[in-house]
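Asks: There's a structure below that I have some questions on.
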Amino acid sequence: MAMHTVRLSPATQLHGGISSNLSPPNRKPNNSIVRYGCGSSKRFRIVTVLASLRENDANGRDNSVRAMEVKKIFEDSPLLPKPLSSNQLTESVSNGSRVRVAYQGVRGAYSESAAEKAYPNCEAVPCEEFDTAFEAVERWLVDRAVLPIENSLGGSIHRNYDLLLRHNLHIVGEVKLAVRHCLLANHGVNIEDLRRVLSHPQALAQCENTLTKLGLVREAVDDTAGAAKQIAFENLNDAAAVASEKAAKIYGLNIVAKDIQDDCDNVTRFLMLAREPIIPGTNRLFKTSIVFSLEEGPGVLFKALAVFALRQINLTKIESRPLRKHPLRASGGLKYFDYLFYVDFEASMADEVAQNALRHLEEFATFLRVLGSYPVDTTML
């Protein structure tokens, strides 16, 4: 099989994962050519045009003609992904052999397992940061991203809520993963030898009772599998990692204890992200995610939620985040935060009742965006 590499910046590595040092999307990188060994000339032309295309060229001229050329190439080529229907989404889940999926972390991360559940047989591509995974999809380095959004014990992943708004990706599905934490150490290290434990802050919090009983000093790192990798590579004999059983196998560590999480029903929900939305259907249970903002005033949030209650639409989640551009608003002698509201509700955008609810919400929302309408994951792994 021909090897392929992506040359966008010196720090960008395709097969070894994707670093956070990607060129900014609003700046044209030098020599931005994507080469696929032994690929067709049409495919080479496609990715060359993609790498060079920006909203405006260096002299400020409109690139609309160039954009039309790219659009035509997309339509003519069978090599590039097209907008997905819900049926195609199901097919891609059952046969994801050519799908490249970005996740945050290193090999053995729970996010890698979620990516493999969402797209079996996919090529899972590790990224250093959540931001990098979003940008990798936008810049065609990968086809999809699978990123955590909430945990049943630790709550919401606020960083990814902010990134959903900042980037122009669409939620095309969700996947729920049962998280089973293990305590990992090097072979020959007994539990009595341990003095400290390394892991992601949420993983440490989810194992609070066990770690307190063991009297271990907590040390936070970027991700669970990264902690396991550090224990193995640095040959630490006084430290353990909270990570997955899969991470133990990858890094050759001993499982000192299994299922150390405080709650056996420890579940993380991940979002499947793509460049194009799927076409919502009505043949199965769908969920829709939106974000909106409101003018301040008595009962305004009540009115916003009432548009769903009046139509018997069930809300499954509501999350508020301060509005970054206008964080504080003065009223009299007081200052208030302005908020964005992220809401998930059980309905497909193909349903007229959901469409009517959003039309109603638009009447008094100052901002409204549909993040995605996608099938609900009813399985657990």
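Cβ atoms are placed via backbone N, Cα and C, with glycine included.
Got these off Swiss-Prot a minute ago, pasting:
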- 1-32: region 'Disordered' (REGION)
- 1-66: transit peptide (TRANSIT)
- 18-32: compositional bias 'Polar residues' (COMPBIAS)
- 100-275: domain 'Prephenate dehydratase' (DOMAIN)
- 289-375: domain 'ACT' (DOMAIN)
Asks: Could you give the mean pLDDT over the domain 'Prephenate dehydratase' (100-275), rounded to a whole number?
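Replies: Across the domain 'Prephenate dehydratase' (100-275), the average pLDDT comes out at 95.
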Asks: Could you put numbers on the helix, strand and coil content of the domain 'ACT' (289-375), residue by residue per DSSP?
Replies: 21 helix, 40 strand, 26 coil
